[in-house]
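> Sharing a structure with you now.
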Amino acid sequence: MVPGSCSSFGLLVILSFQNVPDVGGFPNVPLFSLFTNAVNRAQHLHMLAADIYKDYERTYITDDVRRSSKNSQVVSCYSENIPAPTDKDNTHLKSDMDLLRFSLTLIQSWLNPVQALHRLFRNSDVYERLKYLEEGIQSLIRELEDGNLRSYSFMRTPYERLDINMRTDDGLLKVYGLLSCFKKDMHKVETYMKVIKCRHFAESKCVI
């Protein structure tokens with residue numbers, strides 16, 4: 001018992017990004033601008049992920065679906081398999097390079113799943129936005145270290161065997177869980193980027 005189409009997602013995504021400037025891969029710009037662009041990208045991706053999650057919940061997660069969730073397997077977020085900090089105190093204990101590499105790993109872990117979920121992001125450029133942020137983080141790593149762009153190795157393929165079937169309650173709940181993971185991970189990336197920027201550029205209004 002699946003409600004109508006996902007047309008509302010297209011409009012939502014377009015509105016979310018219509019005012020975000022496209023700076024591509026952050027070519028030859030000062031460090032402050034690299035940080036500002038990366039933080040803005042992460043902020044908008046987190047906002048987008050939260051809006052899509054809420055819209056999906058309103059559209060698909062009915063009371064009947066919620067009742068059936070008691071017997072459904074909960075989706076495990078891939079990010080639980082990497083030692084990325086999950087709270088403010090632990091985040092501040094990590095080095096800049098640790099936070100950048102955690103961010104890079106989280107972004108890269110969503111490149112394939114976002115393509116599989118593309119029909120939920122109709123007329124959007126979520127994948128391209130992830131790629132832009134990936135390039136921005138790589139540029140920061142090059143600037144702050146020796147050009148080594150390694151991220152943390154995937155202990156397993158992120159969200160392998162991803163089968164999207166929205167014709168069943170279990171399928172609807174699986175997508176719901178994935179969108180929740182996407183939202184949480186984009187929040188982490190946004191937080192990490194803000195922490196690093198604040199370390200380099202003491203800003204009076206910078207609150208983490």
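Each position is counted from 1, following the chain as shown.
Just so it is clear, glycine is given a Cβ too, placed from its N, Cα and C backbone atoms.
The structure displayed is predicted, hence computed values, not measured ones.
Checked Swiss-Prot, it gives:
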type     : residues      : note
BINDING  : His44, Glu190 : Zn(2+) binding site
DISULFID : Cys77-Cys181  : disulfide bond
DISULFID : Cys198-Cys206 : disulfide bond
SIGNAL   : 1-25          : signal peptide
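Give me the structural setting of these features: burial, nearby parts and distances.
According to its DSSP assignment, Glu190 (Zn(2+) binding site) is helical.
For Cys181 (disulfide bond), other Cβ atoms within 10 Å of its Cβ number 22.
In the three-state DSSP scheme, Cys198 (disulfide bond) is classed as helix.
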> Taking 10 A as the limit, how many CB atoms besides its own sit near the CB of Glu190 (Zn(2+) binding site)?
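That number is 23.
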> Quick one: Cα separation, Cys198 (disulfide bond) versus Glu190 (Zn(2+) binding site), in Å?
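Counting only the Cα atoms, the answer is 12 Å.
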> Return only the integer: C-alpha distance in Å from Glu190 (Zn(2+) binding site) to Cys181 (disulfide bond).
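Spelling it out, the Cα of Glu190 (Zn(2+) binding site) and the Cα of Cys181 (disulfide bond) are 14 Å apart.
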> For Cys77 (disulfide bond), just count the other CB atoms lying within 10 A of its CB, please.
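Taking every protein chain into account, the count is 17.
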> State the count of C-beta atoms found within 10 angstroms of the C-beta of His44 (Zn(2+) binding site), not counting that atom itself.
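Looking across every protein chain shown, the total is 18.
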